[in-house]
Amino acid sequence: MVTTHNLGFPRIGAKRELKFGLERYWKGESSRDELKALGAELRRRHWHDQRDLDLAPIGDFAFYDQVLDMSFTLGNLPKRVQDFHGDALDNAFRVARGRSAQSAEAHAACCGGVAAGEMTKWFDTNYHYIVPEFHADTNFSLDPSRLLQQLAEANAQGVNAKPVILGPVTYLWLGKAKDDSDRLALLPKLLPVYGALLDTLTAQGVEWVQIDEPILVTELDAEWRQAFRTAYAALETRRINLLLATYFGQLQDNLTLAASLPVDGLHIDAINARDEVDALVRELPPERVLSIGAINGRNIWKTDLNATLDWLEPLAKQLGDRLWLAPSCSLLHVPVDLANEAKLDAEIRSWLAFALQKLDELKVLATALNEGRDTVADALAANAAAIESRRRSPRVNNPAVKAAIARIDARLGNRASPYAQRASKQSARLNLPAFPTTTIGSFPQTAEIRQARSRFKAGTLDEAGYRTAMQAEIERSVREQESLELDVLVHGEAERNDMVEYFGEQLDGYAFSQFGWVQSYGSRCVKPPILFGDISRPKAMTVEWITYAQSLTNKPMKGMLTGPVTILNWSFVRDDQPRSVSCYQLALAIRDEVLDLEQAGVRVIQIDEAALREGLPLRRAQWSEYLKWAVESFRITANGVQDDTQIHTHMCYSEFNDIIASIADMDADVITIETSRSDMELLDAFDDFKYPNEIGPGVYDIHSPNIPTQDHIVGLMRKAAERIPAERLWVNPDCGLKTRQWGEVIPALTNMVAAAKTLRNQVR
């Protein structure tokens, strides 16, 4: 019999209940007990949703981040919070979000100032984790209370629970040594704590533990490979079954290593690594379980169940009870329930599967394998009809778009002149001071903005009323920026619910869910648009708002666009053509918008590529192909403008050392980047590579409520000036200010502008 299980379930709730609960707590509008009760209710509901599985995950739920939770389980708290002895949940929030010494937040609880932990992308997804911090003298100690509480809840509910933990080697790999010590030197101290955790779970009657080691799909040197052998030899003696889980890619040169580790089962992502399954069947010892991730855990298209069964049936005969079925990875990366999407186009809806529907697909596959296809004939027939409907739909294929793609040539992506000539013309046109100040684009999305948007979508506010409300918010943003004496202004993006969804709503080839939310980090959720067909732009998308904002000021107003690579990487993308083709389609559509903005007199246009690095394949050998079409797409978008139009781009959570040449090849006049959480470490890339254009290193962390001091910003910019000539430096936050409050934004920007003025005086 085939065993079904799940690697993880979305934690936010079908209607973002966790997000709203967290924000109420952080604002002091609810108690800690109420927040914990909400978490317990969500877990109860989610285990009920997974009741048909043979094994359901526990430990996948986290109030903020599962990697942060693992740090607390292992007793690895950053030194700056080790002296706080309050509730563990509040301590976790301190690490994740930071606390300013003057924090107005309830529950800041006399903490004094605490810097937020560094946050970065979870592999090549749009989820973010809090980076574990290590020092040479780091010690570990077990705190299993979180897992044991969830296990007790699951047992009381009758759940056949499978705890999910992050493996020791991946945990070290994901972290950062704050003193430049060797992370792997900590492995001997870490392994006994893992062993004690497994012993604790064994004592509670747990039979299987899922231990996630996704770095096995990356390129590992000999030292890291040996760490796997060392770690699992040490854990082999525990009297508990270990399912080693890999996902997000192929094992490739790590396949033999993974198959040889002394564990009881191995999970493989068969969406990305189907070609490796036969080799694993040959190499795995005959008693070992092979878990096949046959359902795509990262995208929302229905699985072709009949084709999947054609592939699985011979494996089931060969493996028998050793065959397990699961999604390819945790379902954290997809929305919860398609059944809530009453407003979604019926035809497109028939092509989709969210988390609950993916579990239904899993059940159909397992039933067909265990009892025969006849027992699920109706479900298989309905699935086949949906697959064929999508394949044949004229809404998916647009001949005019395909013809435009065929006409793309290299000249389309070239500026008329090199940067040095452009910079001279832009300087004359813009007349900016040294260390010019700007923001990344968005300002706080206030309750009034959200209410107006909600009323407009509900039909209780007409278009004229909505436009008036948004213009009032834009004017407020402009006046605040003028008062702060910023140099290049933005309109604040009041009219935008999301930097990707806003554009997708206005492009043909996109569809939109109502409740298709996924977690990005903490309480931050995004609702990726659904790229289902060929992309085109029917009309201008931003010109009206930007030209209105420019009419309110004599200072330069940035046109704000999201770039094609980021729109692609932050969408649920069609899987019936190469991603590069979809990206080129987006590039042509956004290029039309760039040219319309320039025609309307906009002098500075920012094309955000926040997710450029996120799309990199996990293996470097595949980077060049991705970077080629990603950079080409940006250049197609940006490079049709005149020399005196200044093109900006923004990237966040990115490390640049290994792709700096490609970033330079994008040829943006100004790039703004996230650097504050890493204390300008990201600028190390510029020690050896002389970046030719202008750059704005982010000088304060917008993800934290902390208010940066003027001296702190000056210090960061001095570090930046050691690597980048002062005349090519900008001063800006590290990301948009949408999620902050005006009461935080104004003092932070006041200090930022004051710092820029100090710097100008120092370089005179």
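Each Cβ is built from the backbone N, Cα and C atoms, and glycine gets one as well.
Not measured: the values here are computed from a predicted model.
The 5-methyltetrahydropteroyltri-L-glutamate binding site annotation in Swiss-Prot covers Arg16, Glu17, Leu18, Lys19, Lys121, Arg524, Cys525, Trp570, Glu614 and rests on sequence analysis.
What Swiss-Prot lists as L-methionine binding site is Ile440, Gly441, Ser442, Glu493, Asp608, and the listing cites sequence analysis. DSSP assigns Gly441 (L-methionine binding site) to coil in the three-state reduction, placing it in neither a helix nor a strand.
The L-homocysteine binding site annotation in Swiss-Prot covers Ile440, Gly441, Ser442, Glu493, Asp608, and the record cites sequence analysis as its basis. Of all Cβ atoms in the protein chains displayed, 25 besides its own lie within 10 Å of the Cβ of Gly441 (L-methionine binding site).
What Swiss-Prot records for His650, Cys652, Glu674, Cys735 is Zn(2+) binding site. Reduced to three states, the DSSP call for Cys652 (Zn(2+) binding site) is coil. Cβ neighbour count for Cys652 (Zn(2+) binding site) (all protein chains, 10 Å cutoff from its Cβ): 26.
Look at Swiss-Prot and you will find His703 tagged as active site, proton donor. DSSP assigns His703 (active site, proton donor) to coil in the three-state reduction, outside any helix or strand.
Within 10 Å of the Cβ of Arg16 (5-methyltetrahydropteroyltri-L-glutamate binding site) there are 18 other Cβ atoms, across all protein chains. For Glu493 (L-methionine binding site), the count of additional Cβ atoms within 10 Å of its Cβ stands at 26 [all protein chains shown].
Residue annotation for L-homocysteine gives Ile440, Gly441, Ser442, Glu493, Asp608. The furthest Cα pair among them is separated by 13 Å.
Spatially, by CA atoms, the recorded positions Ile440, Asp608, His650, His703 include one closest to Leu18 (5-methyltetrahydropteroyltri-L-glutamate binding site), and that is His703. For His703 (active site, proton donor), the binding-site residues whose C-alpha atoms fall inside a 10 Å radius of its own C-alpha are Cys735, out of Ile440, Ser442, Cys735. Each residue contributes its Cα atom, and for Cys525 (5-methyltetrahydropteroyltri-L-glutamate binding site) and Cys652 (Zn(2+) binding site) these two points are 17 Å apart.
Cα of Glu674 (Zn(2+) binding site) to Cα of Gly441 (L-methionine binding site): a span of 14 Å.
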